[in-house]
Ligand SMILES: Nc1ncnc2c1ncn2[C@@H]1O[C@H](COP(=O)(O)OP(=O)(O)OP(=O)(O)O)[C@@H](O)[C@H]1O
Ligand SMILES: [Mg+2]
């Protein structure tokens, strides 16, 4: 409304007067020195940060080139060609194993009884043999001797065995799948066990026969299911046959290429050394050595020829297999012997046509595939940033797609933040607004103490305690409706998220508490004077006013969680695959690997400068960028909603 | 102690023989004060004499300070002892509003600032709230300036506007008494003038008690003046009379500025 008068400029004369007679130290004025000291300190931090960035970039920058080169070989040698079929075909194994499970669960209820009897009897026999081992061993050893020892020598041993066996058979704990009569017969027969007779006792033979009969009967009952399972199992055999031969062929080319480039690299080093060498003799030796390791790059066009010659054959097999898969879907019985089997059958029936389609779709790619199509840098960038598989030390081909790691990191971080936010914010509100001084004295140090727990110890707790706890809880029958229950893996994203939440709570709590503390007293006065109750003041004035600080606390917690390594490495389960989100929220109980975990786990084992090494640095760069972004966001939030100073 | 309040007019705030102490330290001694309805009463006196303390006794803002208590006597608002067990603090503060020395609007919109008092008192009807906001802003001479940007952030207003917004916020719940603790001390002369004008108009509907260090302001805005010194009420009377012919030596020397 009213302009405040502009500040009057200080007369320069005054400055001159003030500056007069100032002391100097070695020609510099002390104020300047002190300033310089502090400036130097802060610039050291900035320089170090810059150096870290330069180092990361330098190591990571080579990655795109190296990976491009690898992908070029992958294409030119023809591995890519085989993968067109191999990738979709790999699904067949999973489908097949599902069908096998369907067969087993269907047949099981029928044969369970006889199988239990047979297995129990065999187990008893083994127990008797174990218990009488001490007596049996000398006899067995004696019997093996050449020439055979005299009967007088053997007889005492035989008696020992008989006595021990009789005793063991009498003590045998026969389970109640056998009637009393049967139990007696088992005891009698087992009492006669001796290493001299290798035939099974008659009772065992009978039990085995009974099982075989029942098994056959059951398989007959589910005949169509068993047939379908067998058919799907065998369907891709011919296709696999051709594919495996082709794969062998292209792999040989790739290996030749790899060898060539490795040698070539060494050769270049030698030549470089030679050009620097001063002694002519040494120079000559080096050049000679370099020449000796000279190899030619394999001729890709030549070596791919036999593969491409069989292109049509391969396509034929693919089409035949796809047709078989389609037929299998049609012939698959609707119902299995159990609900589980029926469920599996439904899944397989739905998946088979898609599987067949994926293969058929590949046919076109097989036809148009060319080995000399150049690999563009965008393909390489895409293969890293959008690649869905991170596959290393593979005998076939390494892939560095970081999506699975990113997804793992992000999901775990989100779980952690979702758990930690209510805990820490509620604790901060309570401590700041409601707690008595005594309570504050307890709560604050305790929460801050969590920070002092080494993360490796937390990881230990996650493995030994939290994992078991979650698993046990997930097996409680009346909790079965929860998504993902009962869980398969003790080490999973949820487990890691819980522990990371614990690690994030102290940071988030302290920052949120500071934010609430910074809410000016004047707001509280105003609210009180308007007759608001304590609760109203807290939730209508203090929390909204501190919200930006609380949001920043959450973001900084997120930064902390994304960068955490040890806990996720130990607890997240380290499965490098994009979790299966199709099951809904239950996905959080699946294992995963993370950006931080992969670096910690693999960096020590890879050779310096390799594509793998550089890929890990790229992951590091991405991690660095994410952390910067999160911190930047936190700062932006605070600046955007900054409160006037009280 | 000489007073010349009008006995015919019933007082809305009565302080009776009150001692007030912060812990062991007595800040006010034997205060007797009767504040007339719909008039402006100014509290003046040197720094530390207990003006703010006295003002805060009237809406019990001192309750929060540990150890602070009324040691003797009582404070009545509309005839009711405000420390009686059946007095609801929320209701008392609805009757007695307060404006602080430094303007302190909430970091919310202009609209929400004014509506805050109604909302905490349980008003849900949007229509009622809207009317109250408009009335309060009009009475605070802000409506014409701000009616087009009610959803703007309150902290974007000028200092003077912010203080008038705080006044609007305080009167939105239609209190009987409005307490003001040096409301202009952080404002420039023109903004101060506006507030003073406003106080004049507010006196039509409200009883105003204002603490001020500015003698001219006391003369300009108030009908009655109370002069405090070292926790004692030295003199209380009609402003005109007191500034013309103070009865007490102490008052005279304070008003003359020859006070030591
Ligand atoms: N919270 C408190 N705790 C203890 N003593 C207090 C407290 N608030 C004020 N006092 C004391 O009570 C006395 C009166 O203070 P008060 O703030 O009422 O003075 P004032 O007249 O408003 O002064 P000013 O004009 O400087 O605002 C002072 O001596 C002060 O030190
Ligand atoms: Mg004061």
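Note: Cβ is positioned from N, Cα and C throughout, glycine not excepted.
Any TrEMBL annotation is an automated prediction that lacks curation.
Feature annotation from TrEMBL assigns compositional bias 'Basic and acidic residues' to A:276-303.
What TrEMBL records for A:406-634 is domain 'ABC transmembrane type-1'.
Panel annotation: around the region 'Disordered' (A:274-303), residues 76-78, 249-250, 252-253, 256-257, 259-261, 263-264, 266-267, 371-372 of the same chain, lying at least six beyond its termini, place a Cβ under 8 Å from a Cβ of the stretch. The region 'Disordered' annotation in TrEMBL covers A:274-303.
Residues or ranges marked as transmembrane segment by TrEMBL: A:37-57 (among others).
The feature transmembrane segment is assigned by TrEMBL to A:375-393 (among others).
Sequence-remote contacts of a segment are chain residues at least 6 beyond its ends whose Cβ falls under 8 Å from one of its Cβ atoms, and for the transmembrane segment (A:399-429) they are 63, 67, 383-392, 443, 447, 493-494, 496-498, 500-505, 508-509, 512-513, 515-516, 538, 543, 550, 553-554, 557-558, 561-562, 568, 572, 576-579, 587-588, 592-598, 611-612, 615, 618-619, 622. The transmembrane segment annotation in TrEMBL covers A:399-429 (among others).
Annotation source TrEMBL lists transmembrane segment at A:541-562 (among others). Proximity of distant same-chain residues to the transmembrane segment (A:541-562), defined by a Cβ-Cβ separation under 8 Å and at least 6 residues beyond the stretch ends, is recorded for 409, 412-413, 416-417, 420-421, 424-425, 428-429, 432-433, 500-501, 503-505, 507-512, 514-516, 518-520, 523-524, 526-527, 532, 595-596, 623, 626-627, 630-631, 633-635, 637-638, 640-643.
Annotated transmembrane segment per TrEMBL: A:615-638 (among others), in sequence order. When Cβ-Cβ distances below 8 Å are used as the criterion, the transmembrane segment (A:615-638) is approached by residues 53, 56-57, 59-60, 63, 67, 384, 400, 402, 405-406, 548-549, 551-552, 555-556, 558-559, 562-563, 595-596, 598-599, 602-603, 606 of the same chain, each at least six residues removed from its ends.
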